[in-house]
Amino acid sequence: MGLVGSLFSFIVFLSCLIAVCGQGTRIGFYSTTCPNAETIVRTTVTSHFGSDPKIAPGLLRMHFHDCFVQGCDGSVLISGPNTERTAGANFNLRGFEVIDDAKTQLEAACPGVVSCADILTLAARDSIALTRGQSWQVPTGRRDGRVSLATNVNNLPSPSDSLDVQRRKFAAFGLNTRDLVALVGGHTIGTAACGFFTNRIFNTTGNSADPTMDQTFVPELQRLCPLNGDASTRVDLDFGSGNSFDTSFFNNLSRGRGILQSDQVLWTNPSTRTIVQEFMASRDNFNAQFARSMVKMSNIGVRTGANGEIRRVCSAVN
């Protein structure tokens, strides 16, 4: 494996150890029970990505929304009245058909073995690799949760959150400030609806914009998101490089071109600006930290043994 590989494996192990509820997962969990599990997930994600590249940020976002609500238990995948999928913050989640497709294939190959929670975690990792980010080894062994309630979707970070609020929400799950900056860096792919940031490019007295924004950038955003226009129109969060997992997102923050207020504060606040500058200067550092932070996040609230199940279909409990 070599010194670098051994060191990374140790860091991953240490991250799992200190994550709030990461007991029970390990790399290669399905190596004997379903040896092609990761290949099947990766092939499925790749196939859907070929038809619709926007599926990559969709799967990453879905994984995030799953883990921040009752832990990474696949509960966001359950459909029906009053489930997590019906909560306002989850209205625009996408990629459910990718998970369902992978699950169908896995049930044919290894019935009752691979959890939906693990499929979602693996699919998020594969989405990063497909958008030219760095892949990583994913500890697996999660079981699926049996409860999915819209009322539990109350702690997801908001586009208007201050840095202190974001820190508090991440710290509740054992994620520190470096994890926060790295994971928010996932916005290097994906989009936001105009309705989430029009308050930054128009204020109640006219066309004045948020002074923390690059004022030469404002007219472009106003053209894409006109006042009283369609609030559901979507704009790349990493303007100019929205389909590639790179450090352009952090460069944009340094230029006052963060789309969301919650993103831009990572630059305007000195305590996180240094981390943004580090990631701007080194794509390798960003990729490595993103991988470590994703492993930590994916071990939040993991269910094992009798505390969960292996769903036959991802959209319903057994």
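Glycine too: its Cβ is placed from the backbone N, Cα and C atoms.
All TrEMBL annotations are machine predictions without curation.
As recorded in TrEMBL:
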- 1-22: signal peptide (SIGNAL)
- Cys34-Cys110: disulfide bond (DISULFID)
- Arg61: site 'Transition state stabilizer' (SITE)
- His65: active site, proton acceptor (ACT_SITE)
- Asp66, Val69, Gly71, Asp73, Ser75, Glu84: Ca(2+) 1 binding site (BINDING)
- Cys67-Cys72: disulfide bond (DISULFID)
- Cys116-Cys314: disulfide bond (DISULFID)
- Pro157: substrate binding site (BINDING)
- His187: heme b binding site (BINDING)
- Thr188, Asp238, Asp246: Ca(2+) 2 binding site (BINDING)
- Cys194-Cys225: disulfide bond (DISULFID)
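The Ca(2+) 2 site, placed at the center of the C-beta atoms of Thr188, Asp238, Asp246, has further neighbours from the same chain whose C-beta lies within 8 angstroms: Gly185, His187, Ile189, Ser241, Gly242, Ser244, Phe245, Thr247, Ser248, Phe249, Phe250. In this structure the alpha carbons, written CA, of Cys67 (disulfide bond) and Asp238 (Ca(2+) 2 binding site) are 23 Å apart. Within 10 Å of the Cβ of Glu84 (Ca(2+) 1 binding site) there are 25 other Cβ atoms, across all protein chains.
Cys34 (disulfide bond) sits 20 Å from Asp73 (Ca(2+) 1 binding site), taking the CA atoms of both as reference points. Nearest by CA distance to Cys194 (disulfide bond), out of the recorded positions Arg61, Asp66, Cys116, is Arg61.
Here the recorded positions are Cys34, Val69, Cys72, Cys116; the one with the fewest Cβ atoms within 10 Å of its Cβ is Cys34. In this structure, of the recorded positions Arg61, His65, His187, the smallest number of CB atoms within 10 A of the CB marks His65. Its Cβ taken as reference, Cys110 (disulfide bond) is surrounded by 16 other Cβ atoms within 10 Å in the chains shown. For His187 (heme b binding site), the spatially nearest entry among the recorded positions Arg61, Asp66, Glu84, Cys110 is Arg61, judged by CA separation. Taking CA atoms as the reference points, His65 (active site, proton acceptor) and Cys72 (disulfide bond) are 9 Å apart.
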